[in-house]
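A.B. asks: Dropping the structure in here first, questions after.
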Amino acid sequence: MSPQDWSPNTWKSKPVAQDVQYENQEQLEKVLNKLGTLPPLVTPSEIERLRYQLGLVQRNEAFLLHAGDCAESFDACTHENLSTKIGLILSFSLILIWGARLPIVRIGRIAGQYAKPRSSKTEKIGDKEVLSFRGDNVNGLDVNDRTPDPERLLRAYFHSTTTLNYIRGLLTSGFASLHHPRDWSLNHVRSPVLRREFENIVDSLSDALDFSRTIGAEAGSGASYERGGMRGTLGEVDFYTSHEGLSLPYEEALTRNFPIPFGSRGQNLKPAEKKETAFYNTSAHFLWIGDRTRQLTGAHVEYFRGIRNPIGIKVGPSMEGDELVKLLDIVNPNKESGRVTLITRYGASKIEDHLPTHITAVKQSNHPVIWVCDPMHGNTLTSSTGLKTRHFSTIISELTSCIRIHSSNGSRLGGVSLEFTGELNEEGFSVTECLGGSMELSEEELGLRYQSFCDPRLNFEQSLDVAFLVSNHFKKERRAQSNLKEGETMGVIDSSSDALYSELGGKK
């Protein structure tokens with residue numbers, strides 16, 4: 001149930017960070033009124049299902065994969081791009097399942113991630129100063145299309161709807177079952193040691209899937225979906241959408257007061273309690289507050305405290321421990337399970353200085369949270385060629401440090417948040433935006449297929465590198481746990497001695 005002193009528009013009484021100034025207020029109101037009458041993109045039952053599954057992650061009974069583009073574009077809303085993105089998320093999660101032996105909760109940065117925060121309202125392009133590009137739901141990337149246009153909010157809604165409809169169609173028609181490990185090409189892997197490690201993992205994973213089919217785990221699904229066959233456990237998955245809740249007028253327009261689904265509130269309810277309602281943001285299953293909009297007295301925190309959706313909070317080096325606890329007190333005063341996910345993004349060189357403090361502060365507050373590592377945003381740099389990029393070695397350095405620090409502090413990493421893409425160019429090659437990885441991408445090769453208009457993303461091959469690394473860590477952790485004698489406690493698994501870690505450029 002939402003707080004009694006809250007409504008979807010109480011955020012308007014607070015200072016708004018990253019606010020967009022529209023010249024035509026009348027047109028803006030017309031668009032927002034229209035959005036308020038359009039159908040929800042997601043349902044309360046789906047949102048409640050995600051809350052429950054995130055509760056499993058919080059209790060270390062599942063693992064969270066949060067992945068997709070830094071920012072979506074209207075032009076990239078094509079069946080090729082969506083299919084490859086969903087396929088990559090499915091492949092990544094299958095590798096994680098093999099190593100962790102845990103269910104994977106999949107949340108895509110998709111079907112709504114059209115806005116982007118900026119550090120400055122204007123930018124200089126050549127000798128011309130123009131308004132900063134704020135994402136396709138605000139203005140255009142072209143320098144002559146920088147005036148914020150309310151109609152873009154409607155376009156964002158319909159592009160999100162189209163995207164979500166196509167994803168639902170893919171996942172209910174057997175698409176998930178098409179991604180067999182033996183189809184993954186390892187031709188890009190240049191290191192013989194790394195190729196051998198990858199091949200061992202793929203062979204083991206393929207054997208496990210073959211075994212499950214042989215013993216009848218997929219009984220009844222022998223026929224194809226198109227020929228009336230069942231989807232089966234390997235062919236049907238849950239998939240949830242997310243975006244940064246940046247444009248509060250848009251989020252308010254899609255916030256609806258619905259009855260809380262009866263099944264999500266337990267079985268021992270009196271008849272009078274069956275009509276309990278709450279405000280759901282129906283633009284996505286999961287939304288997060290960015291590092292630039294998490295002010296305790298700001299409009300975004302005010303809005304987020306009232307919606308029933310599970311939410312994420314980006315936590316960076318500028319966040320103090322007591323500030324983090326105060327923020328949790330505001331958005332989750334009743335300390336509900338599955339409500340808050342903390343997405344840490346420090347940078348490989350700063351994580352040691354900040355994560356232990358944050359873990360200690362949260363533990364002392366008794367707030368239930370899910371800890372997720374975002375090893376992307378704190379590790380961005382500018383290459384010698386002038387392109388914004390990230391180096392794979394610093395990405396995996398922050399990720400493995402995060403795993404180790406949680407273990408050393410009596411905590412546990414519950415998920416990863418990555419910016420990646422399965423996009424291919426017309427010749428069938430992956431994008432070239434991040435350096436390193438098993439393909440050993442160099443600075444000279446960045447310009448070959450650099451397609452991002454926002455932040456650099458891991459490509460298909462680099463993404464699977466991360467998946468194999470994390471999966472291998474969990475496999476070693478499981479084996480170490482199973483070998484413990486009664487009364488023993490498991491020590492920290494050191495990833496820096498791992499062959500995959502060193503071959504992928506990890507720093508000891």
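Residue numbers in this text run from 1 along the chain shown.
Note: Cβ is positioned from N, Cα and C throughout, glycine not excepted.
Nobody curates TrEMBL annotations by hand; they come from automatic prediction.
Among the features that TrEMBL reports, Mn(2+) binding site is placed at Cys70, His377, Glu419, Asp455. According to TrEMBL, the phosphoenolpyruvate binding site annotation covers Arg109, Lys314, Arg345.
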A.B. asks: From the Cα of His377 (Mn(2+) binding site) across to the Cα of Arg345 (phosphoenolpyruvate binding site), what is the distance in angstrom?
C.D. replies: 6
A.B. asks: What is the interatomic distance between the Cα atoms of Lys314 (phosphoenolpyruvate binding site) and Asp455 (Mn(2+) binding site), given in whole Å?
C.D. replies: 16
A.B. asks: Per 10 Å Cβ neighbour count, which of the binding-site residues Arg109, Lys314, Arg345, His377 ranks highest?
C.D. replies: Arg109
A.B. asks: Given Arg109 (phosphoenolpyruvate binding site) and Cys70 (Mn(2+) binding site), what distance in Å do their CA atoms have, once rounded to a whole number?
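C.D. replies: Approximately 8 Å lies between the Cα of Arg109 (phosphoenolpyruvate binding site) and that of Cys70 (Mn(2+) binding site).
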A.B. asks: Around the phosphoenolpyruvate site formed by Arg109, Lys314, Arg345, which additional residues qualify by having Cβ within 8 Å of the site's Cβ center?
C.D. replies: Glu244, Trp288, Gly290, Asp291, Gly312, Ile343, Asp374, Met376, His377, Ser417
A.B. asks: Return the maximum Cα to Cα distance in Å (whole number) over the record's phosphoenolpyruvate-binding residues: Arg109, Lys314, Arg345.
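C.D. replies: The two farthest binding residues have Cα atoms 16 Å apart.
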A.B. asks: Using a 10 Å cut-off, grab the number of neighbouring Cβ atoms around the Cβ of Cys70 (Mn(2+) binding site), all chains included.
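C.D. replies: That number is 19.
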A.B. asks: Out of Glu419, Asp455, give me whichever of these binding-site residues has the highest number of other Cβ atoms within 10 Å.
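C.D. replies: Buried the deepest by this measure is Glu419.
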